[in-house]
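Everything below concerns the one structure shown next.
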Amino acid sequence: MPAVSLPPKENALFKRILRCYEHKQYRNGLKFCKQILSNPKFAEHGETLAMKGLTLNCLGKKEEAYELVRRGLRNDLKSHVCWHVYGLLQRSDKKYDEAIKCYRNALKWDKDNLQILRDLSLLQIQMRDLEGYRETRYQLLQLRPAQRASWIGYAIAYHLLEDYEMAAKILEEFRKTQQTSPDKVDYEYSELLLYQNQVLREAGLYREALEHLCTYEKQICDKLAVEETKGELLLQLCRLEDAADVYRGLQERNPENWAYYKGLEKALKPANMLERLKIYEEAWTKYPRGLVPRRLPLNFLSGEKFKECLDKFLRMNFSKGCPPVFNTLRSLYKDKEKVAIIEELVVGYETSLKSCRLFNPNDDGKEEPPTTLLWVQYYLAQHYDKIGQPSIALEYINTAIESTPTLIELFLVKAKIYKHAGNIKEAARWMDEAQALDTADRFINSKCAKYMLKANLIKEAEEMCSKFTREGTSAVENLNEMQCMWFQTECAQAYKAMNKFGEALKKCHEIERHFIEITDDQFDFHTYCMRKITLRSYVDLLKLEDVLRQHPFYFKAARIAIEIYLKLHDNPLTDENKEHEADTANMSDKELKKLRNKQRRAQKKAQIEEEKKNAEKEKQQRNQKKKKDDDDEEIGGPKEELIPEKLAKVETPLEEAIKFLTPLKNLVKNKIETHLFAFEIYFRKEKFLLMLQSVKRAFAIDSSHPWLHECMIRLFNTAVCESKDLSDTVRTVLKQEMNRLFGATNPKNFNETFLKRNSDSLPHRLSAAKMVYYLDPSSQKRAIELATTLDESLTNRNLQTCMEVLEALYDGSLGDCKEAAEIYRANCHKLFPYALAFMPPGYEEDMKITVNGDSSAEAEELANEI
């Protein structure tokens, strides 16, 4: 349909529509649209229809908006306004690729439209279409050479494309146009100079970068950045004496910065350990209260010199009462010799302080205050916990608590000792005690909630967090709004442990949405950072966003989700009622009565909680509705609700698992778990070449990893030994690669070789034992013997590995072996007396945990039992 041009009156109204949109006066904009469209001559005016659609989209009426914009576009296909509006609509729905196409169509009809070019450049940088971004920024520079954003955007395009020299030239040309006095300090000009210097450094032009820094030093506001950069550049240019002077100056600014001592070491190049120590001894004299110059030498000293320096360091900290001293020394615990020296010194302090209130009976000087002994005991509790002696650790911390029962840090350490010893429920109880001492401390509150989640006390954890969340909304919803990912990952883990897979997946998907939101949030900074010239931070932001899913929170959520989807594929959820009936069929009358009572109590409790939850939800919905009515600027509709039941009964669990796996394969290639999870998925999909690829990538990271060994045996056995309908090409590739990985052998021999090579490692023995049973179920007895050995000579005979062995005995990885599992549990209980996993049957049922002294539920249950 040919375009209809508006007469002056309607054209003036149309301009008012545009102004209303720009000023977010959407209701007024709709009135003006109605005035134009009510005229029969202009009822189908494309641009007005498009603008009406765009305005409605801003009011949340998405379907109507799309219908109007498409109608407008059909009526005027050659209108840049219609195409631009359609692009804006797609952009609001995060369909950036489609929006880019719309903008390109708009530019066909108005190639020099500044607004469309700017919008296009934003989408290109968002989607990292760097070549396209450079072209668009060049067009903007040609059209508006006087605007600084045009120059800066063009320079950033070259910087991101790693054409540093061109970026530096553009920035220099732009800098020349900036009229600033050499003595005047202007923040934006300062940031421009620092960004220009960063580009020169990344280009490897260190001499030019140093000259640039010295020339414009007076005009740069960030003096610290100038000195730090100068130090790095002088080191790069081997001007070591000058670099040493710079780092000494930086130490005067902040004697507690580790990086300055490292820089000074590089500049002075000490020939031996004594010369290296001399650097720090000078700092002791200069900064007598400095902790870092006393701590860093402990990393490289050994023997008597280490003991001498450590003695001074510990005395200073214990006298002052410095709680984090153990965390400061934690990295030294990799060295057994240093651990022995630490223990000797601190145990000596404790003995001496008890007898004469001095660190050493031969010391001269005034006596130490009683708190010094407290901090020594506090340290010893953490020390023995770290070296795996929880009984001694508990003795020390209990003594400390008896002397000072109001110190929160002591309860925190006691909780940690129980956690590391394997009793997370007792740990949660003690963390709750700590929280009760200071209910206004958010850190303790969060720690307590985290321990409760680890103990699968989800409701209690939610109640704990609710003390610091917004009123009128549920704690869980508010924590999700705040993107509180530590809470959600722990929640997901707890639900997974309780086999509530739907709830766990909901948390994993919520975390996935947070990362999508964080990626989308960068959109606002593309224009803001160029306007404010915060260019260094902006480039760092872009680089961070590119590797965002490397973050541990995402990896943890993805791992939990993949594990659940694999379980759902292996054992799809069935009708729970039928399973429940099968379970109760074998119960005695007394047991059945007890169960029914328990079910009634649980049902009553659930009903009360549901009513409470519904009331909260109604209140929350009222608040949200009010907020929505007040806010006419809301864009887009609500997100799809995550329903646990629906998530747990997904039809294609492996495809869902791949969605979480893909970012890990792209960004977390250095973690072996990424490739082993990939193998587990492709093994179930029978994608042999992808299985092989995963194994090879994992092999390159750690060829002797126990889990990798299991994957290799399964691949070997499935692809080569079992007959499969494989194409000749695939079979040939598999055989060639398998020969490279395994050599001329069979799975059994390969497993035996692996076992001989790693016979002193418990995790490796467990993997080999699983494969012994997998390859030959008749060898079950040998497999169990291999896995359940608890010799002291074995490496990694720790709590975690022993729990994995017990799980393998229960889950069928070593066949049906309940008797062997019970014997192994009893043996492990002697080794790890505090661990819940190895407690006698019925122990957990007898153990009750109350949160902040609330034992009403326990009393009610006891009454019902009677």
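Any Cβ shown, glycine's included, is placed from N, Cα and C.
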Candidate annotated in Swiss-Prot as N6-acetyllysine, out of Lys15, Lys262, Lys659, Lys685: Lys262
In Swiss-Prot, the member of Lys108, Lys286, Lys334, Lys735 to which N6-acetyllysine is assigned: Lys735
Selected residue, Swiss-Prot feature N6-acetyllysine, from candidates Lys95, Lys386, Lys598, Lys756: Lys756
From the candidates Ser92, Ser474, Ser588, Ser759, the one which Swiss-Prot records as phosphoserine: Ser588
Listed residues Ser466, Ser723, Ser855, with the one flagged phosphoserine by Swiss-Prot: Ser855
From Ser121, Ser537, Ser703, the one Swiss-Prot labels phosphoserine: Ser537
Other C-beta atoms that fall within 10 angstroms of the C-beta of Ser302 (phosphoserine): 13
Closest of Lys262, Ser302, Lys735 to Ser537 (phosphoserine), Cα positions, modified residues only: Lys262
Counts of helix, strand and coil residues, the repeat 'TPR 8' (672-705), according to DSSP: 28 helix, 0 strand, 6 coil
Candidate with sparsest Cβ neighbourhood (10 Å radius) among Lys262, Lys735, Lys756, the listed modified residues: Lys756
Integer Å distance between the CA atoms belonging to Lys735 (N6-acetyllysine) and Lys756 (N6-acetyllysine): 25
Euclidean distance between Cα atoms of Lys262 (N6-acetyllysine) and Lys735 (N6-acetyllysine), Å: 51
Euclidean distance between Cα atoms of Ser302 (phosphoserine) and Lys262 (N6-acetyllysine), Å: 19
For the repeat 'TPR 2' (80-113), sequence-distant contacts whose Cβ falls under 8 Å of one of its Cβ atoms, 6 or more beyond its ends: 46-47, 50-51, 53-54, 57, 62, 65-66, 69-70, 72-73, 119-120, 123-124, 126-127, 129, 132, 139, 143, 520, 635-636
